[in-house]
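Report on one structure; see the data block that follows.
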Amino acid sequence: MRQVAFYGKGGIGKSTTQQNTAAALASMGYRLMVVGCDPKADCTRLLLRGVRQPSVLDTLRDVGPESVQLEKVVVQGYGGVKCVESGGPEPGVGCGGRGVITAIQTLETLGAYKDDLDYVFYDVLGDVVCGGFAMPIREGYAEEIYIVCSGEYMALFAANNICKGIKKFAERGYARLGGLVCNSRLVENEQALVKEFARRLNTKMIHFIPRSKDVQRAEINKKTVIDYDPDLPQAQEYRELARKIDENDEFTIPTPITQEELEDLMREYGIVD
């Protein structure tokens with residue numbers, strides 16, 4: 001069983017990319033569980049065709065730890081993907097990252113990881129790897145990490161920050177970086193820029209996902225692209241990303257760059273003057 005964490009700047013399309021990749025792997029015959037590590041509890045929406053499932057934390061609050069059953073918090077979605085949402089604390093009370101810890105520990109207690117799974121995906125909130133949201137890495141669950149980014153400055157800035165956190169954990173023997181996924185925002189020289197950025201981080205751009213309105217069309221219909229229309233070119237892009245992740249055996253300790261180096265890189269590729 002491979003355990004994979006997806007990180008990335010808020011709004012970059014991380015959850016969309018993760019769910020479409022999960023759907024692609026499921027269509028290839030793999031068995032998956034997706035664990036949404038976001039208090040908004042929207043990391044499995046497309047796999048569940050818009051159905052909002054009860055989160056682990058909401059269920060714990062409603063029935064108490066002793067009465068929680070696995071089938072109450074694990075819902076089957078597209079292609080048999082098992083979907084879980086960690087949820088979060090009540091607004092203004094508690095720590096969202098702590099909620100992730102509680103949710104994953106609950107799943108383990110209930111035996112969710114004993115199922116015959118090929119992959120577990122963790123869809124993790126956060127532009128930085130803070131203590132709670134780093135839990136899938138720190139506790140030895142996630143073994144490989146992919147960062148979703150684009151050629152925009154703030155997306156690369158966030159990716160670099162995430163790499164700083166990963167580096168600390170990787171040096172202690174925890175998860176390694178599997179690569180960057182560029183979710184295109186139609187930035188000038190975007191593909192070349194992200195490739196070079198990845199090289200400087202001691203990793204690779206594992207796939208470049210072109211911008212496509214079909215992603216939005218599928219989302220409006222509450223589906224992944226593969227579920228919406230498996231013959232679309234964009235569906236093939238996600239199948240290709242899934243294949244590359246499945247075949248990937250290059251995992252590294254990242255080498256984050258300075259803010260000045262990032263700004264120089266943006267100038268080099270004509271992104272900023």
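Cβ from N, Cα, C; glycine included.
Now, the feature entries from Swiss-Prot:
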BINDING   Gly8, Lys9, Gly10, Gly11, Ile12, Gly13, Lys14, Ser15  ATP binding site
BINDING   Cys95, Cys130  [4Fe-4S] cluster binding site
MOD_RES   Arg98  ADP-ribosylarginine
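With respect to their backbone Cα atoms, Ile12 (ATP binding site) and Cys95 ([4Fe-4S] cluster binding site) stand 23 Å from each other. Between the alpha carbons (Cα) of Ser15 (ATP binding site) and Cys95 ([4Fe-4S] cluster binding site) lies a span of roughly 21 Å. Between the listed recorded positions, namely Lys9, Lys14, Arg98, the fewest other CB atoms within 10 angstroms of a CB are found at Arg98. Highlighted in sequence order, Val148, Ala155, Asn183 have their Cβ within 8 Å of the centre of the Cβ atoms of Gly8, Lys9, Gly10, Gly11, Ile12, Gly13, Lys14, Ser15, the residues recorded for ATP, and are not part of that set.
Between the alpha carbons (Cα) of Gly8 (ATP binding site) and Cys95 ([4Fe-4S] cluster binding site) lies a span of roughly 20 Å.
Ranked by Cα separation from Cys95 ([4Fe-4S] cluster binding site), the binding-site residues Gly10, Gly11, Gly13, Lys14 are led by Gly10. Between the listed binding-site residues, namely Ile12, Cys95, the fewest other CB atoms within 10 angstroms of a CB are found at Cys95. In the three-state DSSP reading, Lys14 (ATP binding site) counts as helix.
Look at the Cβ of each of the binding-site residues Gly8, Gly10, Gly11, Gly13 and count the other Cβ atoms within 10 Å; the largest number goes with Gly8. The two recorded residues Gly13 (ATP binding site) and Arg98 (ADP-ribosylarginine) have their Cα atoms spaced 24 Å from each other.
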